[in-house]
Amino acid sequence: MATNESVSIFSSASLAVEYVDSLLPENPLQEPFKNAWNYMLNNYTKFQIATWGSLIVHEALYFSFCLPGFLFQFIPYMKKYKIQKDKPETWENQWKCFKVLLFNHFCIQLPLICGTYYFTEYFNIPYDWERMPRWYFLLARCFGCAVIEDTWHYFLHRLLHHKRIYKYIHKVHHEFQAPFGMEAEYAHPLETLILGTGFFIGIVLLCDHVILLWAWVTIRLLETIDVHSGYDIPLNPLNLIPFYAGSRHHDFHHMNFIGNYASTFTWWDRIFGTDSQYHAYNEKRKKFEKKTE
């Protein structure tokens, strides 16, 4: 009975979203995107799209999303938004980070990306334009992937902080007490595999088109680079997402080492009380800021 009611609720919600979508003006970018997508399908094999296309998407998005934070260090006005103002980025740390990123991206992540084609073939995941899901279904599945990844990340990340294994794996990621955007994927190769597994679980369970792979990669990179940016920018649209952790939440994790283990949302930290030190710190910070105004 409860199952039927749940199906009915989801069906009604889906119809409501479809109705709202029908009222929206036609997206002017849809036709160019359709043409570009069909051009890709007509000129490249599925293996090339799934492998090299996914690699290009990942690299282009990663360094594009890192660029604003990288430029902020040269803009004096942006310094007031830096969370840990007493720990500026250094060229030495950024160069070290960049070299590790190249190793992780091409020696760890690329072999995994090479399996994308075989995954789509095994599960018969479509590539064609005709079966591409509507934006609201795509967004819903990306949200599902985010919830799954966040859950995996919280518990495995917390495990990596255990005193018996911390120094062997996760300590690498904590080399920088004040994070910066490019450091989001700076990690021990084993950590890349362990925490990266959470990214793929949602894909295995929810993927219904190859576009979901790229949409989910886009959202995940945007989120992880934002929380590692080291800057708390006013009017950040990501902060409008309910329960979104944000840069201050994760920055405190790097500064304090204890607590705030989740990647995207705040609910697991709240449920298990692993954000208590963060909230106490925030209260002190706000009181200090009021006194100095």
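FYI, residue positions are counted from 1 along the chain as it appears here.
From the backbone N, Cα and C atoms, a Cβ is placed for every residue, glycine too.
Secondary structure of the domain 'Fatty acid hydroxylase' (144-274) per DSSP, as helix, strand and coil residue counts: 88 helix, 3 strand, 40 coil. Look at TrEMBL and you will find 144-274 tagged as domain 'Fatty acid hydroxylase'.
Taken from TrEMBL, the feature transmembrane segment covers 60-79 (among others). For the transmembrane segment (60-79), same-chain residues at least 6 beyond its ends with a Cβ under 8 Å from one of its own Cβ atoms are 85, 88-89, 94, 105, 180-182, 184-185, 217-218, 221-222, 225-226, 229-231.
Under the heading transmembrane segment, TrEMBL lists 100-120 (among others). Sequence-distant contacts of the transmembrane segment (100-120) (same chain, six or more residues past either end, CB-CB distance under 8 Å): 46-47, 50-51, 54-55, 58-59, 62, 127, 182, 185-187, 189, 192-193, 196, 203-204, 210, 213.
Tertiary proximity for the transmembrane segment (192-217) is limited to same-chain residues at least six positions away from its ends with a CB under 8 Å from its CB atoms, namely 49-50, 53-54, 57-58, 61, 104, 108-109, 112, 116, 119-120, 123, 125-127, 131-133, 138, 141-142, 144-153, 156-157, 160, 169, 185, 263. Annotated transmembrane segment per TrEMBL: 192-217 (among others), in sequence order.
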